[in-house]
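Database features (TrEMBL):
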BINDING   Thr33, Gly34, Ser35, Thr36, Asp89, Gly90, Ala91, Asp92, Lys102, Gly103, Gly104, Gly105, Lys129  substrate binding site
ACT_SITE  Glu111  active site, proton acceptor
Amino acid sequence: MPADLSPIDKAKFVAAKRAVDYVETGMKLGLGTGSTAAWMVRCLAERIREEGIRVVGVPTSTRTAELARQLGVPVMSLDEAKWLDLTIDGADEIDAQMNLIKGGGAALLQEKIVATASDQMIVIADAAKEVGHLGAFPLPVEVIPFGWQTTKALIEETLVSMDVLNRDVTLRMNGAAPLVTDEANYILDLHLKRIGNPRQLSLVLNQIPGVVENGLFIDICDVVVIGHSDGRVAVRDINSGETSDDRIEFAPTDNIFANMDD
Ligand SMILES: O=C(CO)[C@H](O)[C@H](O)COP(=O)(O)O
């Protein structure tokens with residue numbers, strides 16, 4: 001492992017490496033988006049190279065599709081794959097019930113469609129992503145550009161009607177222009193600080209015209225894999241109720257870092 005890898009990247013790497021152990025030959029996989037998911041794609045590429053496992057991935061963003069192709073992970077569209085065995089993705093926040101906030105990387109729409117079309121979703125993250133309550137991380141909501149300011153006002157009104165105390169809503173920017181998602185939409189970030197009832201908020205937001213999808217993932221995640229910078233990995237499975245802790249040793253021969261171009 002290169003000496004200059006940050007503690008946070010070490011944590012993300014070990015979570016990704018453990019999650020890729022769940023992959024079996026012949027599987028159709030959802031490939032998440034973000035820095036932790038990028039480690040997962042690298043670990044998956046290594047298993048394809050070293051062990052010859054045969055898998056196909058459905059990427060959740062153009063970024064992930066590009067990385068998978070560069071590393072030799074076969075990809076197809078969700079329409080070609082139709083249904084997936086397993087999705088592995090990162091998250092911005094994870095609560096005790098394994099509800100998530102996602103969309104920090106602006107890919108929540110494809111991520112939610114792909115995860116929902118999977119038999120199982122594994123979330124990989126560093127320990128800082130585990131929270132008591134969702135909401136400190138701004139909740140991303142994907143909206144269509146047409147009338148986005150009206151949609152924003154409707155979201156604000158809805159938050160008032162739900163007695164939400166902190167309700168700043170900001171348009172996500174990319175420099176001087178609004179950030180545009182892979183689906184040509186905008187992202188509104190809801191700065192709520194604490195979300196009392198994530199399930200209700202998710203349902204209500206998706207009723208507002210102009211809202212395409214929100215970043216709350218409720219009852220979608222099956223397994224959470226939390227990595228630590230010293231190599232410890234904790235796994236929680238919501239279906240079996242099982243938890244396990246172990247440690248990943250870094251082999252000096254690991255050539256996975258050769259693929260890092262960022
Ligand atoms: O939801 C996401 C992208 O839309 C990411 O999974 C989330 O933002 C976590 O990213 P990272 O692994 O870089 O911390």
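Cβ atoms here come from the backbone N, Cα and C positions, even for glycine.
On the structure: features taken from TrEMBL.
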residue: Thr33; record: substrate binding site; contacts (Cβ under 8 Å, 6+ apart): Pro59, Thr60, Ser61, Arg63, Thr64, Asp89, Gly90, Gly105, Ala107, Gln110, Glu111
residue: Ser35; record: substrate binding site; contacts (Cβ under 8 Å, 6+ apart): Asp9, Lys12, Gly90
residue: Ala91; record: substrate binding site; contacts (Cβ under 8 Å, 6+ apart): Leu100, Ile101, Lys102, Val123, Ala125, Lys129, Phe217, Cys221
residue: Gly104; record: substrate binding site; contacts (Cβ under 8 Å, 6+ apart): Gly34, Asp92, Phe137, Pro140
Response to the item:
Under a three-state DSSP reduction, the secondary structure at Asp89 (substrate binding site) is strand
Worksheet item: Residues near the substrate site, Thr33, Gly34, Ser35, Thr36, Asp89, Gly90, Ala91, Asp92, Lys102, Gly103, Gly104, Gly105, Lys129 excluded, by Cβ within 8 Å of the Cβ center?
Response: Gly32, Ala37, Ala107, Glu111, Ala125
Practice prompt. Taking a cut-off of under 6 Å between Cβ and any atom of ligand 1, tell me which of the binding-site residues Thr33, Ser35, Lys129 pass.
Written response: Thr33, Ser35
Worksheet entry | Longest CA-CA distance among Thr33, Gly34, Ser35, Thr36, Asp89, Gly90, Ala91, Asp92, Lys102, Gly103, Gly104, Gly105, Lys129, per record bound to substrate, angstrom | 15
